[in-house]
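Undergrad: Would you mind keeping the following structure in view while I ask a few things?
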Number of protein chains: 6
Amino acid sequence: MSGLTHIGPDGRARMVDVGDKDVTERVALAHGRVHMQPETIQLAIGRDTKKGDPIAIAELAGIMAAKRTSDLIPLCHPLPLSSVKVEIQPDSRANALIVTARVKTSGRTGVEMEALTAVSAACLTLYDMLKAVDKAMRIDGVELLEKTGGKSGDYRKAGT
Amino acid sequence: MSGLTHIGPDGRARMVDVGDKDVTERVALAHGRVHMQPETIQLAIGRDTKKGDPIAIAELAGIMAAKRTSDLIPLCHPLPLSSVKVEIQPDSRANALIVTARVKTSGRTGVEMEALTAVSAACLTLYDMLKAVDKAMRIDGVELLEKTGGKSGDYRKAGT
Amino acid sequence: MSGLTHIGPDGRARMVDVGDKDVTERVALAHGRVHMQPETIQLAIGRDTKKGDPIAIAELAGIMAAKRTSDLIPLCHPLPLSSVKVEIQPDSRANALIVTARVKTSGRTGVEMEALTAVSAACLTLYDMLKAVDKAMRIDGVELLEKTGGKSGDYRKAGT
Amino acid sequence: MSGLTHIGPDGRARMVDVGDKDVTERVALAHGRVHMQPETIQLAIGRDTKKGDPIAIAELAGIMAAKRTSDLIPLCHPLPLSSVKVEIQPDSRANALIVTARVKTSGRTGVEMEALTAVSAACLTLYDMLKAVDKAMRIDGVELLEKTGGKSGDYRKAGT
Amino acid sequence: MSGLTHIGPDGRARMVDVGDKDVTERVALAHGRVHMQPETIQLAIGRDTKKGDPIAIAELAGIMAAKRTSDLIPLCHPLPLSSVKVEIQPDSRANALIVTARVKTSGRTGVEMEALTAVSAACLTLYDMLKAVDKAMRIDGVELLEKTGGKSGDYRKAGT
Amino acid sequence: MSGLTHIGPDGRARMVDVGDKDVTERVALAHGRVHMQPETIQLAIGRDTKKGDPIAIAELAGIMAAKRTSDLIPLCHPLPLSSVKVEIQPDSRANALIVTARVKTSGRTGVEMEALTAVSAACLTLYDMLKAVDKAMRIDGVELLEKTGGKSGDYRKAGT
């Protein structure tokens, strides 16, 4: 018994059967951050135009990526999402932009991967938008903060 | 002058014009890691079956995601990739699996985003494959190690 | 209060939460048209072969595009569609081909965007199929005719 | 009356309306095989490494393709799949690798196309993985073995 | 001789062979507009926040859709785009938002469909962003303004 | 040395490096067939309407699938196709519809997989269009007939 649900008793990868699970409301919250030079943060947040804003573009990329999760992660179930929110905030002390994603569904399996995928895509998009001035940015701390709904019980990151 | 190539002089987001750039061979190398419990690492690497191997599945997911980069990152150019390699190795001291991706193209713009996207997708897939036993895994240190080719010059991460 | 549901109270774009909405049958009907030279219309409708028919290809492209709506429209929810019909008819007086799309779902949000996307993709495909003989075609009048189902009430275009 | 559900009474292609069908559990089982030289089979199954295994990669490709069925087959409904399993076994007497796929959903229409698409994609991937040594491989016998659930009744291939 | 390049001499649809065409720089410019109530225009353009701006989101959706053109339009060639720009401006006299798209490639066939697809997707996204306050918006005047490059000669819309 | 180009010397799956290969014109020709009841063939080919024709829809699905090959086959390179043709003919003696696909590119690697994927998708679409009257159809004989271009030399199926 491997304990890995995506591996069957015969050792094969599978999209695990969730047909017997209840349709319940499931929520997942994840975050991550992109470390960068203080000047890069200022460039990212200091724009005085409504258009071409790296932060708004990265938030949108995160939302769109959440919808593509089952295309990217081989054994993820396709799920009809009922809500996706992505929020990017500067953390000046940490010299980072913090990305948070909250995803909801009414379905038979959780949306942890959708929340983590949204965070990752938003971080990658920040990198892409800002790389002309700073190639040494680093994506760190992408992790699940909280998940609710479903039989396996709720999860909350230790210390939060 | 914002210095951000994806933002035009009018402040609008754009897919920057690379039509005047030369077609040259361009390579990018990126890495990242997934921190996890020592027991989770053992589970990931210790499998004695050829099928359902989390590491092989995550490497494959990284390769496939590199091909989808321009779908995920809003202002990325679609590029014909000539090579993608993704390699996952355990780092027992760091309690992490290390993901490295190397991408090549003959094209008019670099493949940094393809390499970083491959790393991120492989990390997310490791999370998905292993989350049944460890929800506290954390993706860290996703960054560009090296890029060569193109007019803007080569880049190598400081200290490498 | 902006009144724009895709913009949250904090001013951020979001995929609006429809988790509390009822699953009801929702239908949307949209239309549009492609203006062209009378000779182009004759070419489009006068084909005497079963294969390579621009009208049949454009109807099919509309149906397929309806299924891709949430990939194209950033804040659209992914929805399991239960029916899509696209119909193209010539309007000789208007020198146009008229495209009509009807989409149904059992879901928590409406399918207006799916119907409008089907119409737009069918119009674009007509343009693509016929552009070798007429580059001056024009897509006009893409609009929602009717929507039913859901709490916000039914809508019917004025004058219809 | 054509008897073809994807063709409407007006002779047009359509995504047939399944809105009145019940949501029931539906299962489909399909198989197919790739004929090849005995040496190619040995190469495919005899690998002594966990990584780069053609069979595991083809099984994964089949699972992922099942999720893309409605993108590939023009009039297929998008469906939330609850389980996908793909299994490849050698049949030494037939000089073939046998691919079997089992797909489940709770939905308003069946998953025959998802199972057949998974089988086809796995067969194509085996071809791709092995074509460097054997270009004369042949995909044969892709067919539905069994389908259950839904009003039209169960189906089982004659003689099975 | 139908004159329709996407229909072969045997009457079949085909992706026309461009293998003998030269790789040249090709540009296409297209526009379109979304008619709406004056109050809706004000709502669209008057936002005083950098985030959640309907115009910036629609411009981005247009750029991203240009990259998906060959997925949406059945007989379009996949092309490596070298530049995409989408610009939305209010036209207060016409009670409309005007969408303009400019696309470039170095390739064997033109990018008219990419420019028209970008315009259509941006118009649809404006509709989606604003439909909560105005369902009677109408997309009009989607047409090619100009195309350059390639053997078939340049095109410029009459009167421009 | 496994001889499998998609497996590296370290045993890992990889998208093999084609950066050093020449850009040449490459063509691949593949075929396959769908066996069915004589009555089903008559239904497929005897339609007296231009719309909703199973054969035309399946040919189109084959063309579109060729463009998605690198999404479906994990280690396939994304390629800019210069031509795709799919043709379906009845073979009354064999009680089958014969699907043939011809694909061309100017690139660094061959298009065998694109041709085989086009054939498979067309066969699957025929199944989908006709399954309401005949669930016992069987896809057989999907194989490469011919490939030209590239350093590894031309290939022609034995006996053709």
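Including glycine, each Cβ sits where the backbone N, Cα and C put it.
Curation plays no part in TrEMBL annotations; they are all automatic predictions.
So TrEMBL lists these for the protein:
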type: DOMAIN; residues: F:15-150; note: domain 'Molybdopterin cofactor biosynthesis C (MoaC)'
type: BINDING; residues: F:Leu75, F:Cys76, F:His77, F:Met113, F:Glu114; note: substrate binding site
type: ACT_SITE; residues: F:Asp128; note: active site
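I'd like to know what surrounds each of these features in this structure.
TA: Helix, strand and coil counts from DSSP across the domain 'Molybdopterin cofactor biosynthesis C (MoaC)' (F:15-150) read 45 helix, 47 strand, 44 coil.
Proximity of F:His77 (substrate binding site) to non-local residues of its own chain (separation of 6 or more, Cβ distance below 8 Å) is seen for F:Met15, F:Val18, F:Ser70, F:Gly107, F:Arg108, F:Thr109, given in sequence order.
Counting Cβ atoms from all protein chains shown, F:Asp128 (active site) has 25 others lying within 10 Å of its own Cβ.
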Undergrad: Applying a 10 Å Cβ distance cut-off over all chains shown, what neighbour count does F:Met113 (substrate binding site) have?
TA: 27
Undergrad: Using Cβ atoms only, which residues of the same chain lie under 8 Å from F:Cys76 (substrate binding site) while being at least 6 residues apart in sequence?
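TA: The answer is F:Met15, F:Thr69, F:Ser70, F:Met113.
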Undergrad: Measuring Cα to Cα, how many angstrom lie between F:Asp128 (active site) and F:Glu114 (substrate binding site)?
TA: 21
Undergrad: In sequence order, which residues at least six apart in the same chain have a CB under 8 Å from the CB of F:Glu114 (substrate binding site)?
TA: F:Ala28, F:Ala66, F:Thr69, F:Leu79, F:Leu81, F:Val84, F:Val103, F:Thr105
Undergrad: Relative to the Cβ position of F:Leu75 (substrate binding site), how many further Cβ atoms are located within 10 Å?
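TA: Within a 10 Å radius of the Cβ of F:Leu75 (substrate binding site) lie 25 other Cβ atoms.
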Undergrad: For the substrate site as recorded (F:Leu75, F:Cys76, F:His77, F:Met113, F:Glu114), determine the largest distance between any two Cα atoms, in Å, rounded to the nearest integer.
TA: 13
